[in-house]
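S.K.: According to Swiss-Prot:
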type: DOMAIN; residues: 41-320; note: domain 'Protein kinase'
type: BINDING; residues: ILE47, GLY48, GLU49, GLY50, GLY51, PHE52, GLY53, SER54, VAL55, LYS69; note: ATP binding site
type: MOD_RES; residues: TYR114; note: phosphotyrosine
type: ACT_SITE; residues: ASP169; note: active site, proton acceptor
type: MOD_RES; residues: SER173; note: phosphoserine
type: MOD_RES; residues: SER202; note: phosphoserine
type: MOD_RES; residues: THR203; note: phosphothreonine
type: MOD_RES; residues: THR208; note: phosphothreonine
type: MOD_RES; residues: TYR216; note: phosphotyrosine
type: REGION; residues: 345-390; note: region 'Disordered'
type: COMPBIAS; residues: 354-390; note: compositional bias 'Low complexity'
Amino acid sequence: MGCSWLSCHRREATEVDGEIAAIDNVKIYKYREIRQATDDFSAENKIGEGGFGSVYKGCLKDGKLAAIKVLSAESRQGVKEFLTEINVISEIQHENLVKLYGCCVEGNHRILVYNFLENNSLDKTLLAGGYTRSGIQFDWSSRANICVGVAKGLAFLHEEVRPHIIHRDIKASNILLDKYLSPKISDFGLARLMPPNMTHVSTRVAGTIGYLAPEYAVRGQLTRKADIYSFGVLLMEIVSGRSNKNTRLPTEYQYLLERAWELYERNELVDLVDSGLNGVFDAEEACRYLKIGLLCTQDSPKLRPSMSTVVRLLTGEKDIDYKKISRPGLISDFMDLKVRGPVATKTEQVNRQNYTNPSSSSNGSSRDHSNAYSSGASSANAGNTFSSTI
């Protein structure tokens, strides 16, 4: 027999309260504290909105600035992600992960309190036009540090935490930046724990097209190599300064991975580097980063390096075996997602001069990314994302 919305909601609230109570190292905030911190959730303090609620900037009683994510009461799917995020992030700390201050589970309120990060996310800054739109200067040194920082954060999740953690939604909008442009991986609502002695987990596919590894998107088989694929896409976005998909570009330039492979085969990868750097970058290092991106996005998961190896490759501690670089795996090889265009003949630099990054270009997700702290569950419900078992 089914239950009424009210009785189901009460049972759900009780279950959430029970799970939160079982977590020892999570600070529980009173709802009135949250109201005071946000000036009663004033419009001036609202910094974003996603499919599962809103995010506010707040000042806690101890003077700390916080990003306060309020889960919508109408969202039932979001409760699962709410609990997942608390369970995952409350147990771990790393300089390249967001820090959870605590939560509020008073009555029907479900609120997460994070450290506030001043410079938003990569998709709202670098991929939205860089300095021109965000006021942030992403020189080559800053980009390299961001790439290495994200890689270190993922290596920590994949290899140092027990059980290992697969993030499942690595993308530009989930990489937040502090005032020093140090990257923090955020949004653990879709994260999965990898039990010991298991090679993969079969699960409902969730994430964002453009970052999804083909074997995961098509078969639902999740391993750490799916995160590594997503990182490879992100790495190429950071170096090129463009999203993995940009429909405002000519057809032959729209898909970043295909473009990178074409240029790699012609030994012209340097043409993919962001022209916004005005030639002020280490060409050898930039091309090495792009080749690492190709390594991470190879069709066979077994050929993708581990994240600790990626860190060593990025920092130059390990040389790239160029013989191991093969064509990247593309979902479009398995599913009819797009119409292919002709092979490009012009260089990327000419293309970059004629077609700059528009603010409306797509990075694989159709939702408003003004909410850099929005729940990963939103990704699963965006118009161009997967959210079904395949």
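Backbone N, Cα and C atoms are what each Cβ position is placed from, and that goes for glycine too.
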S.K.: Could you check the modified residues TYR114, TYR216 and say which one's CB has the fewest neighbouring CB atoms inside 10 Å?
M.R.: TYR114
S.K.: Whole-number Å distance between the CA of GLY53 (ATP binding site) and the CA of TYR114 (phosphotyrosine)?
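M.R.: GLY53 (ATP binding site) to TYR114 (phosphotyrosine), Cα-Cα distance: 15 Å.
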S.K.: Mind telling me which of the binding-site residues ILE47, VAL55 has the densest Cβ neighbourhood, counting other Cβ atoms within 10 Å?
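M.R.: Sorting the candidates by Cβ neighbours within 10 Å, the top entry is VAL55.
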S.K.: Taking Cα atoms as reference points, rank the recorded positions GLU49, VAL55, TYR114, THR208, TYR216 by distance from the residue listed as 'active site, proton acceptor' and give the first.
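M.R.: Ranked by Cα distance from the residue listed as 'active site, proton acceptor', first place goes to THR208.
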S.K.: When DSSP is mapped onto helix/strand/coil, what comes out for SER173 (phosphoserine)?
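M.R.: For SER173 (phosphoserine) - judged by DSSP and reduced to three states - the answer is helix.
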S.K.: If you count the other Cβ atoms within 10 Å of each Cβ, which of the recorded positions GLU49, ASP169 comes out on top?
M.R.: ASP169
S.K.: Going by C-alpha distance, which of the modified residues TYR114, SER173, THR208, TYR216 is nearest to VAL55 (ATP binding site)?
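M.R.: With Cα distances computed to VAL55 (ATP binding site), the winner among TYR114, SER173, THR208, TYR216 is TYR114.
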